[in-house]
Each structure stands twice: as structure tokens, then as C-alpha cells.
Amino acid sequence: MSWIERIKSNITPTRKASIPEGVWTKCDSCGQVLYRAELERNLEVCPKCDHHMRMTARNRLHSLLDEGSLVELGSELEPKDVLKFRDSKKYKDRLASAQKETGEKDALVVMKGTLYGMPVVAAAFEFAFMGGSMGSVVGARFVRAVEQALEDNCPLICFSASGGARMQEALMSLMQMAKTSAALAKMQERGLPYISVLTDPTMGGVSASFAMLGDLNIAEPKALIGFAGPRVIEQTVREKLPPGFQRSEFLIEKGAIDMIVHRPEMRLKLASILAKLMNLPAPNPEAPREGVVVPPVPDQEPEA
């Protein structure tokens with residue numbers, strides 16, 4: 001046996017270590033490979049380029065509200081294929097597929113809880129559920145959120161992420177634009193704050209109704225916000241749109257939104273704004289997540 005064969009015979013091949021699926025992910029913007037757990041701790045914001053990735057509705061609400069205070073509302077409401085709609089696929093099959101993929105019954109999740117101890121009702125869209133499209137259940141859950149805010153005499157916060165009205169429900173989905181807007185009029189009559197947070201993307205019938213009706217309309221950085229998409233507009237007007245058209249930075253320059261807030265700063269910023277609007281003490285940034293419950297503001301101010 002030659003010397004090289006003796007060396008080869010003593011070499012033990014090593015097994016390739018298998019990496020569990022989902023441990024690593026890639027940034028949609030800069031392409032940087034990121035550790036999944038680190039990204040979740042950073043609220044789905046890329047630590048390299050500050051790109052705000054899409055966030056599930058439940059993760060968003062859990063990152064906003066105080067621990068142990070969350071109570072889900074309207075979870076019993078489920079969509080039905082009343083029209084027996086079919087395009088390339090049956091609507092009921094699309095619903096079943098979306099429900100299996102996301103674990104949600106529909107595209108809006110509503111919870112009540114506390115924010116730095118202040119009672120609030122919060123709603124968030126699940127974009128992975130049929131593009132966050134608004135159907136009858138989304139409208140009904142949003143109205144339920146408004147009714148709960150009125151009952152508890154507390155503010156309402158909604159995080160929008162939607163492609164617009166759900167075409168599979170035809171006019172029933174379009175009716176939700178008026179239904180949700182009418183419900184918000186009751187909030188205005190009572191003098192209760194409604195803050196709309198626009199995330200990427202907020203389009204179509206959602207942007208044309210409750211998403212732009214906030215007492216404050218706040219957007220995340222670089223969120224796409226509008227009615228029709230930029231490609232549709234370019235094809236219609238036959239002109240090239242300006243850079244960044246329909247992005248939150250473009251909209252704030254034109255006065256269409258009130259402010260842009262980075263996601264890691266969103267919780268404290270919302271609490272600070274609502275404390276001022278509700279005449280409550282400013283939140284303590286060092287306070288534990290469970291907070292200290294503040295009693296609801298009475299319906300009427302005491303007479304002087």
C-alpha cells in the first residue's frame with residue numbers, strides 16, 4: 001500500500017450537518033441573509049438596511065399591546081361563499097387554502113387590551129390571507145372593533161395591509177367601505193380617537209375608506225399607499241410616474257399622511273399620542289409590558 005493510500009484509509013468522511021428549515025431568511029430589499037430569530041426580535045425590520053418586512057396580524061398585535069391583556073374579538077365570524085363565486089378557482093377553495101396557510105379565518109384580527117396600561121382596541125390585517133382583501137367578515141370585525149371601543153370608551157388603532165376589496169364577494173365587499181366609514185362616524189361623535197397605521201401595502205377599497213379616515217394617519221417607512229397601483233396608473237395616463245410615487249415618504253411631502261414612524265418606535269409613539277388625546281399621563285418607556293391599568297375616561301367632562 002502506498003503512502004497516499006494509507007493516508008486516505010485513515011480519513012473518516014464527515015456528515016453534512018442539516019440546518020432546520022426556517023432558521024435563516026433573506027431580506028426582500030437588500031438580499032442580506034438574516035437569522036430568523038434575530039429578525040423576529042427586531043419586529044421583522046432588517047437590521048442591515050432598515051427594510052420593513054410584512055408582519056403577521058397576531059405578531060403585530062402582540063408586539064403592540066401589554067402582555068396578558070389581549071382578548072380577541074369577533075373570532076366566531078367566518079366568511080361564506082354566498083355567491084358561489086368561481087374564477088380560475090372556487091372561492092370556497094381559496095378560503096380553505098388561505099385559512100390553512102395562515103391559521104386565520106379571515107384577513108382582519110381584532111383584539112382589545114391595554115397599551116402602557118391604557119385601554120385600547122386594536123385591529124390588524126393579515127396580508128397573507130388573500131392579499132388582506134376586505135370582504136364582509138373583515139367589515140363586520142372592524143365594526144365590532146368600533147362597537148367595543150365605544151362600549152369601553154377607549155381609542156381604536158387599525159394597522160392596514162391590504163390589496164383592497166375582495167372581488168369574490170362583489171358588491172358585498174364594496175358595501176364594507178360605507179359600513180366601516182359609517183361606524184367611524186360614531187367614534188367621531190363620541191370624541192374618541194381613531195389612529196390609522198398604514199403599512200405596506202394599503203391599496204384599493206381599504207385605502208379609500210377607513211384606512212385614510214384616522215384622526216391621525218401614520219405610515220411605516222416606504223409603505224405603498226394608494227388606490228390603483230403605479231403600473232395601472234402609468235398604463236392609464238401613459239406617463240412615467242415620479243420616483244417613489246405612492247410611497248409614504250412621497251405622501252408625507254404632499255400632506256396626504258401625518259407622520260412616518262419606524263416599527264420599533266411605533267408602540268411608544270402611539271401610546272404618547274393617545275395619552276395626549278385622552279388627557280392621560282405620558283407613558284413611561286421603562287414600564288414593564290403588563291403596564292398599570294388606567295381607568296376609562298368618563299363620557300362627559302365634569303362641569304366647572
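Glycine is treated like the rest: Cβ placed from N, Cα and C.
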* What range among 27-49, 142-164, 211-233 does Swiss-Prot describe as zinc finger? -> 27-49
* Give the range, chosen from 65-84, 185-204, 285-304, that Swiss-Prot lists as region 'Disordered'. => 285-304
* With an 8 Å cut-off on Cβ-Cβ distance and a minimum sequence separation of at least 6, pull the same-chain contacts of C30 (Zn(2+) binding site), or say none. => C46, K48, C49, H51
* Asked: Taking the Cβ of C27 (Zn(2+) binding site) as reference, which residues of that chain separated by at least 6 in sequence fall under 8 Å from it?
  -> L34, C46, K48, C49, H51, M53
* Structure fact -> In all the protein chains shown, the tally of other Cβ atoms within 10 Å of the Cβ of C46 (Zn(2+) binding site) is 20
* Structure fact -> C49 (Zn(2+) binding site) has its Cβ surrounded, within 10 angstroms, by a count of other Cβ atoms equal to 12
* Tally of helix, strand and coil residues over the zinc finger (27-49) according to DSSP? -> 6 helix, 4 strand, 13 coil
* Asked: Roughly where does the zinc finger (27-49) sit in mean pLDDT, to the nearest integer?
  -> 94
